[in-house]
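J.: This structure is in structure tokens; I'll ask about it shortly.
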Amino acid sequence: MGRLKQKGKAGAAKNYITRTAAVRKLQCSLADFRRLCILKGIFPREPNNRKKANKGSSAPTSFYYAKDIAYLAHEPVLKRLREHKAFAKKLSRALGRGEWSAAKSLEENKPIYRLDHIIKERYPTFVDALRDIDDALCMVFLFATLPSTARLPREIIDNCARLSMQWQLYVMHTNSLRKVFLSIKGVYYQAEVMDQTITWLVPYQFTQNIPTDVDVRVMLTFLELYQTLLGFVFFKLYSDANLVYPPPLDINKDDMAAGVGAFNLQSTHVQPKRNETGKTVDVDGKKVSVKDVRQTIKSIVAADEPQVDVQMGDPDEASPGEEEQFVAHASKSAPDAVPELPTLHMLSSTPSSPSSRLFAPYTFWLSRETSRSIFEFIIRSHGGRVGWPASSGTGSPFDESDESITHVIIDRPVVQKEETPAERELRSRRKYVQPQWVVDSINAGKILLEDTYAQGKLLPPHLSPFGEYEGAYDPTAATNDADMDVETDGEEGEADASGDEKESNTDAVEAALASVAMDDPASVRAAELAAEAAGLDYNIFETKVKKASKSKKPDTASKATEEAEKDMNKMMMSNKQRKLYEKMKYSQQKKAAEKEKLEQRKKQLQKAGGK
């Protein structure tokens, strides 16, 4: 006979542990426990039977896996937190006694912890980390716009701003931006990096205030993890693109509000000059130094790559590079040299979408009322050149009088004023469009007509490029055939009156048969009279009736069978699954009703516009 199981020693009571017991086992404070759970990715679990998991108690509490808590007990960060607690006591005691030298020594040796090992544990591969940076980017861009307070140090905000600009630099360099949506919350961006779709939200540049009901400590813990994660990801992305990470920052340009232009992207093949003091070796009676050997190797393997700069150059210098493409040929001086084959890093950094260089032939000028940070990033990510006035910051590659400007992004009403012939000629050579034209062109994947978005005109609706769900309402899609027939009946009736009258009558009879019930003789008789009035042959009408009855019978039978199967499946569900199923059905019906309401409103607006 087997040994009897004691109550609370097996099953759910052993697999789960309450939060109070976990804090007691780890011997840490509740704040440190929350920080550990956030950093390690441990979250509360829901046991099947809460009463059994809580050893007979029905008091509300949070449960965790016992193995997760045992995993936390060996965490190096927990050890550092305990050391920091002891350090805080020693520092407080030294300050209370006035031992300033001891307090200074303690401050210099303050225990710190690193999160590198946690990033490696949570993200074994680079693709796993890349898929999880959406929230990290949103958090970093949010904190980059917040003001510094006592709870939010200035160093954290500066680091978030630096990380956000490094990400924008990479997206602009690789032309990875795919979709943009200007919403009430902010600007939604979607980029495609190494075949992974990354979406993030950037708030508008307004003065932000931290709400009092927001727990900043929890957000700072997430931010601490995300900053370390982005550092790993950016280093890998920059290395694969043959760029130096972190990119050098020009302090003078940064102080003058140059934005992303304060950073310089440098290729890893361009090495800084330094004095070569190596040994000299005699080769065939000639003295050869280490510098000569390196130069010879570089000339054989490949030519030096020039420095890459995010700032746009002059139009005369940029146009030949856009028109001509370099084609690798075998060297005449070294016929044995083989042309370099494309590698995975080259292919991953190459734009995969034809719309990624959408604005390459154009030069834009941003008016002072447009957001420079948004449209500079959008336009440069698609190969365009952009300039701005001095009031928007320094670093503009050209001024407003430049002859190469093709589009002016302006967001102000038209003001009638006297223009000189030179100003009139300059205006005729440029397209003055509203900012929405840039975003809609990117989402459409082509250059839209500028007349619709001209200065002062009523703009078309700005639609989200992100698909919500299958079967969602699409304002750009045409209505169904019946709606189109109703709308175009008055327009096309006169033009096609002498055309295919029989075909239109046949279609009308088919529509009537589809709407009537075949088991109702009165309805069939009414359809027969309508066919006779339309001049339709009786044999053709009989054929239509048989076809309609055949098409309706299987539909009715299949619908009844489907409903019966659904009822049987619901009977086999548990109570929890049935409630979840009912919630799903309710949400689907609600979405369908909302879609039908929007379609009806669209039809009414179209009819009102037609009148």
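For all residues, glycine too, the Cβ spot is worked out from N, Cα and C.
Taken from Swiss-Prot, the feature region 'Disordered' covers 310-335, 469-506, 545-611. The compositional bias 'Acidic residues' annotation in Swiss-Prot covers 314-325, 482-498. Taken from Swiss-Prot, the feature domain 'BRCT' applies to 354-455, supported by sequence analysis. According to Swiss-Prot, the compositional bias 'Basic and acidic residues' annotation covers 552-569, 579-602. Swiss-Prot lists 580-609 with the feature coiled coil.
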J.: What does DSSP give as the helix, strand and coil breakdown of the domain 'BRCT' (354-455)?
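T.: For the domain 'BRCT' (354-455), the helix, strand and coil counts are 38 helix, 14 strand, 50 coil.
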J.: Taking all residues of the domain 'BRCT' (354-455) together, what is their mean pLDDT?
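T.: A mean pLDDT of 87 is what the model gives the domain 'BRCT' (354-455).
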J.: With DSSP as the yardstick, break the compositional bias 'Basic and acidic residues' (579-602) down into helix, strand and coil residue counts.
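T.: Tallying H, G and I as helix, E and B as strand, the rest coil: 24 helix, 0 strand, 0 coil.
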